[in-house]
Structures are given as structure tokens and as C-alpha cells.
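Noted in Swiss-Prot for the protein shown:
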type	residues	note
DOMAIN	1-123	domain 'C-type lysozyme'
DISULFID	6-120	disulfide bond
DISULFID	28-111	disulfide bond
CARBOHYD	45	N-linked glycosylation site
DISULFID	61-77	disulfide bond
DISULFID	73-91	disulfide bond
BINDING	79, 82, 84, 87, 88	Ca(2+) binding site
């Protein structure tokens, strides 16, 4: 599913303030991480990242390429590619608990200031 900024804002509403992260920071980070696309897959040197939050099979989820993953979120990685982002959000909260928002490289580089543009402006 390809989300819009406003759709994603509604879906991520319960993360607003979680781990002291403001919603616009998260929306910005997800834009630069996956382009709001639940089917985004990025191959890295030693791991693959899945879905909206680009969750890695090295630590967080299990895939056929990563049977030795610690699988902290106790889930198969392909679950992060469907339209239901409930499980993605649960895993993202674990990542926020353990690693913080800077787990997503885009955050520090692109999403720490001028965040007004990431707010959903309701007509």
C-alpha cells in the first residue's frame, strides 16, 4: 500500500509522543525511509529491510535469508509488506524502545528541524 502523509498520520497517531518522538518527526523519517510504501524492500550488504519502517532481518524479524536473526519482534519479515501496519507499528515501538529514533538514519540527517511541512493539514 502506498500511503499519503495524512493517511499515515492517522495510522501512526498512537506513536505521537512515544519515546518523546513527535509525529511530524516520524512522518518525515518514514518518507525518507520508505516513501510511505508498505512494499518497500531494500537489500543491504548483510541484511534486508522490509516495509514502511524498513525493519531489518538482521535483528528484528525472521526471513529465509536470515534464519539466525535474533527476531526481537518475533515475526516473519514478509508480514511487514502487507497493508496492515499494526504489527509494523508494534515492532517499530520495540525499535524505538531499544535503539531510539536514530535507528532510522534519515532522522538525524533530514528530520530534526523544519517539521511543519510534515504535519497533515486538514482542509
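Using the three backbone atoms N, Cα and C, a Cβ is placed for every residue, glycine included.
Apart from 79, 82, 84, 87, 88, the residues listed for Ca(2+), the same chain places the Cβ atoms of 38, 51, 75, 80, 81, 83, 85, 86 within 8 Å of the centroid of those Cβ atoms. Cβ-based crowding with a 10 Å cutoff singles out 61 as the top-ranked of the disulfide-bonded residues 28, 61. Separation of the C-alpha atoms of residue 91 (disulfide bond) and residue 61 (disulfide bond): 9 Å, rounded to the nearest whole number.
Here residue 84 (Ca(2+) binding site) is positioned 28 angstrom away from the residue listed as 'N-linked glycosylation site', judged by their C-alpha atoms. Looking only at the binding-site residues 79, 82, 84, 87, 88, the one with its C-alpha closest to residue 28 (disulfide bond) is 88. Measuring Cα to Cα from residue 87 (Ca(2+) binding site), the disulfide-bonded residues that fall within 10 Å are 73, out of 6, 61, 73, 111, 120. Taken through DSSP, the domain 'C-type lysozyme' (1-123) splits into 55 helix, 12 strand, 56 coil. Between the C-alpha atoms of residue 82 (Ca(2+) binding site) and residue 61 (disulfide bond), the distance comes to 14 Å. Taking the C-alpha positions, the distance from residue 120 (disulfide bond) to residue 111 (disulfide bond) comes to 16 Å. Confidence over the domain 'C-type lysozyme' (1-123), given as mean pLDDT on the 0 to 100 scale, stands at 95. Proximity to residue 84 (Ca(2+) binding site), defined by a C-alpha to C-alpha distance within 10 angstroms, is shown by none of the disulfide-bonded residues 61, 73, 77. Within 10 Å of the Cβ of residue 88 (Ca(2+) binding site) there are 24 other Cβ atoms, across all protein chains. Between the listed binding-site residues, namely 82, 84, 87, the fewest other CB atoms within 10 angstroms of a CB are found at 84.
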